[in-house]
Amino acid sequence: MDYYRKHAAVILATLSVFLHILHSFPDGEFTTQDCPECKLKKNKYFSKLGVPIYQCMGCCFSRAYPTPARSKKTMLVPKNITSEATCCVAKAFIRVTLMGNIRLENHTQCYCSTCYHHKI
């Protein structure tokens, strides 16, 4: 009888440790983000006006890393973390005029490039 209690205790302890480790990770740590690659996508709002309008949408490269000490010395406000990012932007486009006065850029080709507009 003591033999079975020892095995049950070991199994419960192992299960407890496993559950503790599982719950210590933030939600979504093991899942990939649901973000499509950078490509052309039809704009539903402006395409209703008769001409199909496309825009570049999707995800590109982004990362953060510790700022090298050499770079920190040249900064006006030293930062511990440096980040790099690229955004999905139009490589080529055609200017289109809708309804006589609405001017749009109809994207024809997309690629990942330097982000110019981060936050407004």
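Even glycines carry a Cβ here, placed using N, Cα and C.
Record features, source Swiss-Prot:
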- Cys35-Cys59: disulfide bond (DISULFID)
- Cys38-Cys88: disulfide bond (DISULFID)
- Cys56-Cys110: disulfide bond (DISULFID)
- Cys60-Cys112: disulfide bond (DISULFID)
- Cys87-Cys115: disulfide bond (DISULFID)
- Asn80: N-linked glycosylation site (CARBOHYD)
- Asn106: N-linked glycosylation site (CARBOHYD)
- 1-24: signal peptide (SIGNAL)
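The Cα atom of Cys110 (disulfide bond) lies nearest to that of Cys88, taking the recorded positions Cys35, Asn80, Cys87, Cys88 as the candidates.
Within 10 Å of the C-beta of Asn106 (N-linked glycosylation site) there are 20 other C-beta atoms, taking all protein chains into account. Among the disulfide-bonded residues Cys35, Cys56, Cys112, the ones whose Cα sits within 10 Å of the Cα of Cys88 (disulfide bond) are Cys56, Cys112, in sequence order. If you take the Cα of Asn106 (N-linked glycosylation site) and the Cα of Asn80 (N-linked glycosylation site), they are about 40 angstrom apart, rounded to a whole number. Of all the Cβ atoms in the protein chains shown, 20 others lie within 10 Å of the Cβ of Cys56 (disulfide bond).
Taking each of the recorded positions Asn80, Cys87, Cys110, Cys115 in turn and counting other Cβ atoms within 10 Å of its Cβ gives the largest count for Cys110. Burial estimate for the disulfide-bonded residues (Cys38, Cys60, Cys88, Cys112): highest at Cys88, by number of other CB atoms within 10 Å. Cα separation, Cys115 (disulfide bond) to Cys56 (disulfide bond), rounded: 13 Å.
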